[in-house]
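Before anything else, here's the structure in question.
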Amino acid sequence: MLFFILFLSIISPIESVDQRIHHPSKCDHLSKFPTKGFTMVLKVSLNGCGRFKRVQDAIDASIGSSQSKTLILIDFGIYRERFIVHENKNNLVVQGMGYSRTSIEWNNTTASSNGTFSSFSVAVFGEKFTAYNISFKNTAPAPNPGAVDAQAVALKVVGDKAAFYGCGFYGNQDTLLDQEGRHFFKGCFIEGSIDFIFGNGRSLYEDCTLHSIAKENTIGCITANGKDTLKDRTGFVFVNCKITGSARVWLGRAWRPYARVIFSKTYMSRVVSLDGWNDMGDPKTQRTVYYGEHRCYGPGANHSKRVTYAKLLSDVEAAPFTNISFIDGEEWL
């Protein structure tokens, strides 16, 4: 009974604020989302359609260490803030209005935030975080070739069992820090220039667009996987994705000695460099990395000039990686 009273006291201000809105028609779109199954529903809006104007405030108002789900609805707009989903804020579901219509933007860099891992616009440490139809952007200027400390992370995800559906990730160098944990990305748009998906997560990317904005006369890179030891179960897998852009990229480079990256049934445009992969200046990693391609197609998928340590995988070899079982998704998705 005490919990029930506390819960009512938390949600009643939201209801009372919504009732005071003078122009309810402009806010109808926020009332069309199904809320069944959520213990709490919080609304964020720059236009007076919710209790909060900042996403961080809504996250802070959610119940900590909860076994039930909280829904955070984020209205149209550009939210110029940096927010953190702390470790005790689990089971959050964040719903935007479309990744081209709802975005979180900040502009830190490695230099301005004392390290690449701290340069994020958004960081997720809590478990079972889910985001729909929202963009995460780092708007720091594109670095010149050879620039030092210009890395700029849009999203850092550390919490286990995180999923992103129809989301956008925008930056230049080091856009998406897929640091650790099991993660699922479905129908997302990911843009960057160098190492724009990096970290040591165990993650499946399905039906995503990977868009290179590397500068002309340079070679960018999509992935920099951080698998450090043979026993790690981590790696990045891309299934039914599309690689586009305006300048050449490698599929991956060996940030750590046991880097593991697989592309399956992915369209590769001409932006993919003919050699495909890079050892990051350390030939020893050629014996330990696991770089695989499986049934990929398009002008960038020609394997005839690939580096010798890249693998063309058979259906049997690819099978352990190309479905949600790679991330134990049948247990949590």
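Keep in mind that glycine also has a Cβ here, set from the backbone N, Cα and C atoms.
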By the record in Swiss-Prot, which of ASN107, ASN114 is the one labelled N-linked glycosylation site?
ASN114
Restricting to the recorded positions ASN108, ASN133, ASP195, which ones have a CA within 10 Å of the CA of ASP174 (active site, proton donor)?
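Hits: ASP195.
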Let me know the most crowded of the recorded positions, choosing from GLN173, ASN323 and counting other Cβ atoms within 10 Å.
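Of the recorded positions GLN173, ASN323, the most buried by Cβ count within 10 Å is GLN173.
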Could you tell me the C-alpha distance between ASN114 (N-linked glycosylation site) and ARG253 (substrate binding site) in angstrom, no decimals?
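A Cα-Cα distance of 24 Å.
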Would you mind reading off the Cα separation of GLN173 (site 'Transition state stabilizer') from GLN151 (substrate binding site), to the nearest angstrom?
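Cα-Cα distance, GLN173 (site 'Transition state stabilizer') to GLN151 (substrate binding site): 5 Å.
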Using DSSP and three states only, what is ASN108 (N-linked glycosylation site)?
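Note: ASN108 (N-linked glycosylation site) is coil by DSSP, not helix or strand.
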By a simple count of other Cβ atoms within 10 Å, which of ASP174, ASP195, the active-site residues in the record, is least packed?
ASP195
If the substrate site is taken as the center of the Cβ atoms of THR116, GLN151, ARG253, which further residues of that chain fall within 8 Å of it by their Cβ?
GLN173, ASP174, ILE194, ASP195, PHE198, ALA224, TRP255
